[in-house]
Amino acid sequence: MSEMTPREIVHELDAHIIGQQKAKRSVAVALRNRWRRMQLDVDFRQEVTPKNILMIGPTGVGKTEIARRLAKLANAPFIKVEATKYTEVGYVGKEVEQIIRDLTDIAIKLTREQQMGKCRQRAEENAEERILDALLPKPKNDWESTETDSSSNTRQVFRKKLREGQLDDKEIDIDVAQPQVGVEIMSPPGMEEMTNQLQSLFKNMGQAPAKRRKMKIKEAFKLLIEEEAAKLVNQEDLKEQAIEMVEQHGIVFLDEIDKICKRGETSGPDVSREGVQRDLLPLIEGCTVTTKHGMVKTDHILFIASGAFQMSKPSDLIPELQGRLPIRVELDALSANDFKRILTEPHASLTEQYIALMNTEGVKVEFSESGIDSIAKAAWQVNERTENIGARRLHTVMEKLMEDISYEASEKSGSAFVIDADYVSAHLDNLVQDEDLSRFIL
């Protein structure tokens, strides 16, 4: 779990996302509150529920990017899902409880990596012994099995060479466990327990014996470490810790929530809109979900929802769902100055990416101040005249601008290009000024 302060979280987000300070502060405080809650007494801790967030803002302003970067900072089970992928219970499609099942699978993987990391040293020792056994086979007869000083010394010599990497390219025959073939069964609602039993049955049937393989010691060592570490992990403890991690630290990011708003008077069942909203209510409020790893309570899982709300309003969500998303954050539309900052300030910005890509061909590309101003202005103008798709417009404009250089780069190794205002004007002015061309090309 992340122990970063809100200011540190915002600083990390600033390295990748321009502006939107209100949204950054809200998610930073929400993430820090997860840590604060865990410092309370156990009894009092149960009373402190997370304050779920609804982020509202036009497309391309950073809502999804905030989620992506937050996932890396959280160091906790985190899942980002699109609300449009789910349907009401009883209809064909994913039901919303699948979100928690997927989140639990993520927690299992996270916990397994942590536990394997703790026992890695012991796993390395065991793997080392298995490789030495393959290099120096033990005698099969009892009268030869007594270890002599010379055989012990030989083993130590090989151990030293192995640790120094002198034997990395030597090939050996070792027995490696075969990967298990998983069988995924789609279960109807309420029959998850039977599905879990069937999956366990297929899992046991699919266990293949270890297979002898010939490989280099360097590759064998990596495989054997993973195999030995997996043996040292207690599966029951793993499941308990993972479920605890989901219940106490889990975060769900619900994207495109505006797409499940009811629009106008429609007849017939609203399978993937209002029905999904109703199914989300108990999940966000707190309920128990059956997963193949055990029962998971959702009372303290943090939900962050986001939507553009261009065709609808937050008030179009059913009132009960609005009440369960108490913190509202509005993200601002991007200006030409924001576009300019997006092109230069973030870590691995768009301009840096193109410079690095062309550098692989031996072509030097430089973006002047006037060139960056012109690119930002062009993207902003197209957004104003046509559909406003936010910062995503920069990708389209940059790709069109760099098209000629990218195409000819392989034949122009050693060349240098300066992208200034004149270059941008020559390549983009016709497209920006002509509204019809802008609609179809940019």
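Cβ coordinates come from backbone N, Cα and C, glycine included.
In the three-state DSSP scheme, GLU65 (ATP binding site) falls into the helix class. The feature ATP binding site is assigned by Swiss-Prot to ILE18, GLY60, VAL61, GLY62, LYS63, THR64, GLU65, ASP255, GLU320, ARG392, with sequence analysis given as support.
Under the heading region 'Disordered', Swiss-Prot lists 137-156.
Counting every protein chain shown, the number of other Cβ atoms lying within 10 Å of the Cβ of GLU320 (ATP binding site) is 13.
Farthest C-alpha pair in the ATP-binding residues ILE18, GLY60, VAL61, GLY62, LYS63, THR64, GLU65, ASP255, GLU320, ARG392: 33 Å apart. In this view, LYS63 (ATP binding site) is surrounded by 26 other Cβ atoms within 10 Å of its Cβ, with every protein chain counted.
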